[in-house]
Amino acid sequence: MSEFELIREYFFWQDIPGSVQVGVGDDGAVLRVPVNRELVVSVDTFNAGVHFPLETPPHAIGYKALAVNLSDLAAMGAEPAWFTLAISMPEADRQWVSCFTRGLRELAQQHGIFLIGGDTTRGPLSVSIQVMGWVEPGQALLRSGARHGDLICVSGTLGDAAAGLAIVQQRLQLSGGAAEHCVQRLNCPSPRLQLGASLRGRASACMDISDGLLADLGHILKASGVGAYLRHGALPLSPALQQLELAQRLDFALRGGDDYELLFTLPTDCLREVMESADNLGIRVTVIGVIDANQPGLSLDYTFHDERSGYEHFSQ
Ligand code: ADP
Ligand code: MG
């Protein structure tokens, strides 16, 4: 199968939205950003064996590569619009590409984001996706706005994906249903786009949790120039995680990556309306701590026995 056949068959999507003047097929895409909107752009690369285990099914690779990027748009409070896909693969295996595209497309259709171009090359399996979306001017949710007294909140539950990875790597065993839940959360995270949109004008700071709660909260604290108190007893844990011993479940929930839940800070008077919006979306939101501008860094009422805080690519 030639590169061009591959592109035509799998990456040239027909249902072209009105915002795309020129999509796949020319040297570049030509796009219409609505008037009075700011463009939000983010890119993430997914390398086999680094960002996902080699045995990950192709459907999950397609789904997750887009999900983690959509999660960045969610964290900015942006509406998804378009994405590009740069893919490198060892061979043009029709079955593999077909499953990969199914996963990709399933999620793309769910969130109304459209593939407008990319690059296809031969090499070790790697997938780079760049997403584009928009927000009203000045409305993007940043990491830098957390203020003294703001409540620290997270969506969903924490640590499931880290437990899922441990299960896939045969470092952990859980009973059937619980194991399946965790592996599903690892392979098919849910980007919280509607929740992110509902936080515009309400949350003082927001980001998505990709490297673990402690590491990622550290980014908000640094960008905002504040400290925080965190209560380990308040962390939202799934029934699957609750089966584990305290030290292990806290390790997954606080330092495990790949959750793609939203972490945000809220002035106390916004809590009620945010909880109501989240309820209507069927998403759990939990208050796990509070911002304190008078003390630097993060105070957690739990001590780990080692120093590690989260996943960093060049430090291990
Ligand atoms: P060029 O040599 O001009 O970069 P390419 O042969 O790389 O062109 O790509 C041809 C067209 O196919 C371009 O419009 C490009 O955006 C699109 N394309 C290539 N690979 C992909 C892909 N993986 N996903 C979506 N579009 C792609
Ligand atoms: Mg090219």
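Glycine too: its Cβ is placed from the backbone N, Cα and C atoms.
Listed in TrEMBL:
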DOMAIN    25-135  domain 'PurM-like N-terminal'
BINDING   D27, S42, D72  Mg(2+) 4 binding site
BINDING   D27, D72, D208  Mg(2+) 3 binding site
BINDING   D44, D72  Mg(2+) 2 binding site
BINDING   D44, D119  Mg(2+) 1 binding site
BINDING   H51, D258, Y311  substrate binding site
BINDING   G118, D119, R143, S210  ATP binding site
DOMAIN    148-294  domain 'PurM-like C-terminal'
BINDING   D211  Mg(2+) 5 binding site
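Features per TrEMBL, on structure.
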| residue | record | contacts (Cβ under 8 Å, 6+ apart) |
| --- | --- | --- |
| D27 | Mg(2+) 4 binding site | none |
| S42 | Mg(2+) 4 binding site | N69, D72, L73, M76, Q130, V131 |
| D44 | Mg(2+) 2 binding site | A65, V68, N69, D72, S128, I129 |
| H51 | substrate binding site | T45 |
| D119 | Mg(2+) 1 binding site | L85, A86, I87 |
| R143 | ATP binding site | A205, C206, M207, H219, I220, A223, S224 |
| S210 | ATP binding site | V68, S71, D216, G257, D258, D259, Y260 |
Protein Cβ atoms within 10 Å of D258 (substrate binding site), excluding its own: 23
Cα separation, D211 (Mg(2+) 5 binding site) to G118 (ATP binding site) (Å, whole number): 27
Neighbouring C-beta atoms (10 Å sphere around the C-beta of D208 (Mg(2+) 3 binding site)): 25
Secondary-structure category, per DSSP, in which D72 (Mg(2+) 4 binding site) falls: helix
Around the Cβ of the residue listed as 'Mg(2+) 5 binding site', the count of other Cβ atoms that are within 10 Å: 20
Reduced DSSP assignment, S210 (ATP binding site): coil
Per-state residue totals over the domain 'PurM-like N-terminal' (25-135) - DSSP helix, strand, coil: 37 helix, 45 strand, 29 coil
Helix, strand and coil totals (DSSP H, G, I; E, B; other) for the domain 'PurM-like C-terminal' (148-294): 70 helix, 26 strand, 51 coil
Mean of pLDDT values spanning the domain 'PurM-like N-terminal' (25-135): 96
Close-lying binding-site residues around ligand 2 among S42, D44, G118, S210, where CB distance stays under 6 Å: none
